[in-house]
Amino acid sequence: MEIFKKASSIIETLKQQGHEAYFVGGSVRDLIIDRPIGDIDIATSALPEEVMGIFPRHVPVGLEHGTVIVVENGEPYEVTTFRTESEYEDFRRPSSVQFVRSLEEDLKRRDFTMNAIAMTEEGEMVDLFAGQEAIQKREIVTVGNAADRFQEDALRMMRGIRFVSTLGFSLETKTKQAIETYGHLLEHIAIERITVEFEKLLTGTYCVKGLKELVETKLFSHLPYLQMSEERLLKATQYNWDSFETDIEAWAFFLYCIGEEHPSVFLRQWKFSNKKIKDIVAVLLTIRKRKEKDWDTVLLYKTGIHIAEMSERVYEAMIESYDNTSVKRVQTLFEALPIKSRQEMNVTGNDLLNWANKKPGPWVAEMIQNIEEAIVQGNVVNEKECIREWLQECNLL
């Protein structure tokens, strides 16, 4: 409760001014489940203008949605006015938001009962939709009619399966049936929003369970490049996903499991950044090389430790070996390299020009590369005079 105590003064101040205020959302859910708590959110009957008038230190980040960031004890907290939403447009966003003075009206618009629990500053739960019962049963249940909730915002279906992966809960029967019925509405949702949820699914503690639900609800058939991937997705559930430490590894392994032959095309379709695409593809290419031969100094040097570690963890998952000794071996090999990057070489292009007494040209870059590989392979010591002598012995000067 310590994390909530730091924000309690906000609720107390709002109440002193005649308003209602409660902790709400994921932080309350995670407190009940006894999971690490992230951002603390507060809901209040005070209008945004009233919140800003009460708290001098604020940032008006989302006034149209009723959200003001209040800075208290050096920490930022989202304070949002109780609100209800009108008819939704395109199965993803409300056409308008109305501020209300009722906590119940605010909670009833939320996605799942476990996320619709409010808490007073004293720690008393306000549970109007049996959210605690759902948590006790480890079930994901929509607030009210599941069909209505998913037709309001189709992304909620993806969020539901993401929660299966992150919490290990199961979809309640009617909720699951509604996902099967309304899954096609996911095609109205921007792929960027789907990608965020899918990544949380892949990196969840119960990823295998989440992937199984993705198949059982047929939701996968409404996702880009996955329409025909049922058998391959089921194959993915046969592996252990626990060894991955980054989202890059999870995506690389996922692409391996579904047999994606054009990973760059897939990732661009899912709107990944160029940097992330580059890293994921680098891991997959490194694994291809790794299958052909074990690590040697040149391969490890050219790959770099970051990609090498990730590649090894994914490769270990592929061959179903999870003792982590191979990753440690890669780290040991890398630490033993004479140089870790070209910047550590004790020779420059100018040195070569002076020694060879030749005009600049492509030969300089080629010779630098030859020297670099020789240093990495241990054929020459990374000292200027040693490099010069080695070049002379090899008749390269």
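Backbone N, Cα and C define each Cβ position, glycine as well.
According to Swiss-Prot, the CTP binding site annotation covers GLY26, ARG29, ARG110, ASP153, ARG156, ARG159, ARG162, on the basis of sequence analysis. Per Swiss-Prot, the feature ATP binding site maps to GLY26, ARG29, ARG110, ASP153, ARG156, ARG159, ARG162; the stated evidence is sequence analysis. The Mg(2+) binding site feature in Swiss-Prot is assigned to ASP39, ASP41; the stated evidence is sequence analysis.
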Which one of the binding-site residues (ARG29, ARG110) has its C-beta surrounded by the most other C-beta atoms within 10 angstroms?
ARG29
Looking only at ASP39, ASP41, ASP153, which of these binding-site residues has the biggest number of Cβ atoms within 10 Å around its Cβ?
ASP153
Between the Cα atoms of ARG159 (CTP binding site) and ASP39 (Mg(2+) binding site), find the distance and write it as a whole number of Å.
18
Which state, by DSSP, holds ARG159 (CTP binding site): helix, strand or coil?
helix
Say we define neighbours as other CB atoms within 10 Å of the CB. Which of the binding-site residues ARG156, ARG159, ARG162 has the fewest?
ARG159
I'd like to confirm something. Which of the binding-site residues, GLY26, ASP153, ARG156, ARG162, has a Cα closest to the Cα of ASP39 (Mg(2+) binding site)?
GLY26
Counting every protein chain present, what is the number of Cβ atoms, excluding its own, within 10 Å of the Cβ of GLY26 (CTP binding site)?
17
Quick one: what's DSSP say for ASP39 (Mg(2+) binding site), helix, strand or coil?
coil
Extent of the ATP binding site in Å [max Cα distance among GLY26, ARG29, ARG110, ASP153, ARG156, ARG159, ARG162]:
21
Cα distance, ASP41 (Mg(2+) binding site) to ARG162 (CTP binding site), nearest Å?
21
